[in-house]
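Step one of this worksheet: look at the structure below.
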Amino acid sequence: MGSLAAEKTVTGWAARDASGHLTPYNYTLRKTGPEDVVVKVLYCGICHTDIHQAKNHLGASKYPMVPGHEVVGEVVEVGPEVTKYSAGDVVGVGVIVGCCRECHPCKANVEQYCNKRIWSYNDVYTDGRPTQGGFASAMVVDQKFVVKIPAGLAPEQAAPLLCAGLTVYSPLKHFGLMSPGLRGGVLGLGGVGHMGVKVAKSMGHHVTVISSSARKRGEAMDDLGADAYLVSSDAAAMAAAGDSLDYIIDTVPVHHPLEPYLALLKLDGKLILMGVINQPLSFISPMVMLGRKAITGSFIGSMAETEEVLNFCVDKGLTSQIEVVKMDYVNQALERLERNDVRYRFVVDVAGSNIDDADAPPA
């Protein structure tokens, strides 16, 4: 892609305002630093958070914004101090691309909880430039925030694991919920939820999918291998399932009550929140007190856990269920994702979309 010292012009697909509609956008990458890796983007998954950010649902969006944080690409250049990667490596980039490296979370190697973390897009890098994500032809990323995609994992399959797969793996590991025989619940059967079923089943758990309707019963049990299916609006079934689960992975990204799901937990059970919601959630305290239950949360995972989950999926033969689309379909894909019309993750074939040839309107 040229000299390391030179800035590189690339094309991404950017939101220009809170409509969230993406169009081609030309911009320059920062100069490659000593520990930077230049990645030619091959594939990028589409996460529900991309909708939140593109449409300013969280109130902090800055435009133009190139979304995408489930990035798989090929290393094309490396800085002189890069030791982990070389040209030709297939690598992944996830939700964050920077941290302070000095705080307690950073020193404990859980850098995703650093208060000075730098998001892969809709943020400002240390040089003052806006960060832009993986709906683009290339990225420049510090080697600390790059992982190698292991052999045996197709790049388009790897993309959702960098967010959706990692997001369910990390809390199960952290909270000691990896032992065979546990009974887990997965609330919501989208991109994260379907990986929750697959990961938990591969750990030997009895898995119950919890959904608001019976519509996904067949795919949950027949396609994904869930052991049980619970319709949350069925009061009798919910009552019969009370005190039966060791944990629930709550992936729902919209406001919803917590009390019906707290009632499903055993003594010391955990309700693990993963959906990004910008409204307060509520519950009455006896729902947790009278079972020593915990409402907790988890945010993606560390770089070490990212490597772990990729290798875990290779070892267990796990793949994400995806629909691959070209970049010129990305707006339709976002619309379909918003109405839950995907099984279960869109992945954009960036390299196959020839986006550098697109005509970009003025910024």
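Any Cβ shown, glycine's included, is placed from N, Cα and C.
Binding of Zn(2+) 2 is annotated in Swiss-Prot for CYS100, CYS103, CYS106; the matching candidate from CYS47, CYS114 at the same site is CYS114. Residues CYS47, HIS69, GLU70 are recorded by Swiss-Prot as Zn(2+) 1 binders, and the candidate that the same record lists for that site, out of CYS99, CYS163, is CYS163.
Taking all protein chains in view, 20 other C-beta atoms sit within 10 angstroms of the C-beta of ILE300 (NADP(+) binding site). THR49 (NADP(+) binding site) falls within a helix when secondary structure is assigned with DSSP.
For GLY275 (NADP(+) binding site), the Cβ neighbour count at a 10 Å cut-off comes to 20, with all displayed protein chains included. Cβ neighbour count for CYS100 (Zn(2+) 2 binding site): 14 (other Cβ atoms within 10 Å of its Cβ, all protein chains included). Neighbour counts of Cβ atoms within 10 Å were taken for the binding-site residues CYS47, CYS114, CYS163; the minimum is at CYS114. DSSP assigns CYS103 (Zn(2+) 2 binding site) to coil in the three-state reduction, placing it in neither a helix nor a strand. Sequence-distant neighbours of SER212 (NADP(+) binding site) (same chain, 6+ apart, CB under 8 A from its CB) are VAL231, SER232, SER233.
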